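Asker: For reference, TrEMBL lists these features for the protein:
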DOMAIN    53-134  domain 'Inhibitor I9'
DOMAIN    158-609  domain 'Peptidase S8/S53'
ACT_SITE  167  active site, charge relay system
ACT_SITE  242  active site, charge relay system
DOMAIN    401-486  domain 'PA'
ACT_SITE  572  active site, charge relay system
DOMAIN    687-789  domain 'Subtilisin-like protease fibronectin type-III'
């Protein structure tokens, strides 16, 4: 299982003997033999491990392209001009791109890169980047129902929409991908079901209508997998579970009597159970390479997907260095909504990734479902914890045991590394393990291997009270940091500390929710202070969804149990919730642009929890840098009343306002523009974004912002504005009333944000408020935009 952490990395160097690993590994896959035999031959040549993968971006209307009958041969010609004459250039080419970007990915040395950069029509050269992967109940928590006139009924459950999921693949036999009751495959679909290891063309059906895999970037850049890892399938088949989980969350069909070892029992359903799913496997045992991701986006655009769901990323990057931003811009130009995870690097400030304004960036929140597994200490006091271990039906799991916490030395025993726990100290006892460094469920395996009978997983000051649960391999529970301090105090003041775990099963509705997940990445936006990120938050903690049959519920090779569903946490889980909601909106409003769909999701989001109180972030109310516009509300998003629409050209003007150079804008958008002319023609331009973000630099006291609303509700609608200004700021809006006579009519308004703050009192600070357009005759239509103001 993928841990709640995500960090970008430079492509790792090839092993000291790359040919030995690659040739052996590829020889086991005969269908890939021809391609990789040429590659293996090259890797044993003089260049050795100086090769690495680069993405070469070309001018889409290059002057040299007319000399070649196909784009592929044109791309190959750049390698012909760069490599020695006796070498076959096709052995170096990994991918030829044409939709997400014009260009190719190839194995090159630094010397060859310098030669390439000097050739005509070469726009940019970027090294391949390694990115990381970032429900029986969540649809109910979000208010989706088949019996009321909400988002499911209005959209036909997402009927006819195609969701493309870029992830670790899919387990097609999962009941979540059965096609009973599904409509025929849309005639416009141009994708395929790619055969590979343990995956046939017949693995697809009317629900799972397409599956492909992209491995070339991974294969030439990766170190060998470790011996204790699950075998990887060289096909669209999922070997790690992550992609099966996210795909079913977005669009899985109804599966009755779903549970994780009896916990969280109910009917499992994706957000858009009537939508079709197309899977693009781009992530492998060590992560996801940007060359493979870009190849998948390239193909998905041509295939005809309506929504792209990417539960992957790293730290924020400048847009001209971000392959996801570049590929997704082209997807949005083709009318495809792109939904991405915000990342799991919270609560670090400015850690939010996937920050392009044309991407919907999703943070994670909690549900009001708990799995109590309470520790009763020997002194009679209780420590609250949670677990998915099925201990409620196993009396032996609740037996009182001696407590032990092994510390000292350099073996990492306090973290319960495998092999670090002396058997004579832990055999038959309940072992306390600090969270962090190694996987949560892996600690349980270490305890079990050392003869321990049970485990308490104790949060540290880093994790605080965050409560991601696991289906552990032995009786176990996870406790928050404050409870861990209490437990360790009891152990340190008692000569023979003892405890038992009382498993409580599944409890719903007793806790405040949603709350912000601690791991969810935070703003402000590192590279663009005028765009608030994340855009919204959605359920991402303890999400139950489909799971492959080659894995136990923990995802560890040592776990021999088999289940159809398991629990995972991360912005990876939040992202497909919104991807599914975007599919519902697309089905209900097939003519809407990606910006319109995103606006509907943002302006209808909730700023309060299910009890009507502020959404919390730990012990304090959540700020806009944690929740963006708020928590998704699909039943309001399907009928937002008004939307903020954005044309692709407007994103280009926005990049000009940020000071991007002509070549940087061309790299991102494939558009050759003069920013001086664009800005002269669009004086006072501000991107028509659904949220409002203002940064006051030294000496600046006021800013004027323009927004444009389009009526997608009823004709003859009247809206009045309500403003809650940020502290230290005056906000004026003109006009204060908008009268829409027709559907699809657009009206503009202006906002003056005036600072009343003495900037010298603090080096940097921020305040937040909101602006809401209220329908005079229909209280359902409330179009809310958060306002973020920062002083520097």
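FYI, residue positions are counted from 1 along the chain as it appears here.
Placement of Cβ uses the backbone N, Cα and C atoms for every residue, glycine included.
The structure displayed is predicted, hence computed values, not measured ones.
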Asker: So for residue 572 (active site, charge relay system), how many other CB atoms are inside 10 Å of its CB?
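Answerer: I get 32 for this one.
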Asker: Determine, to the nearest whole angstrom, how far the Cα atom of residue 167 (active site, charge relay system) is from the Cα atom of residue 242 (active site, charge relay system).
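Answerer: Computed Cα spacing between residue 167 (active site, charge relay system) and residue 242 (active site, charge relay system) is 7 Å.
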Asker: Including all protein chains displayed, how many Cβ atoms other than that of residue 242 (active site, charge relay system) lie within 10 Å of its Cβ?
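Answerer: I count 26 other Cβ atoms within 10 Å of it.
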Asker: What whole-number Å value do you get for the CA-CA distance of residue 242 (active site, charge relay system) and residue 572 (active site, charge relay system)?
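Answerer: Given the Cα positions, residue 242 (active site, charge relay system) is 9 Å from residue 572 (active site, charge relay system).
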Asker: How many neighbouring Cβ atoms, not counting its own, are there within 10 Å of the Cβ of residue 167 (active site, charge relay system)?
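Answerer: Excluding its own Cβ, residue 167 (active site, charge relay system) sees 28 Cβ atoms within 10 Å.
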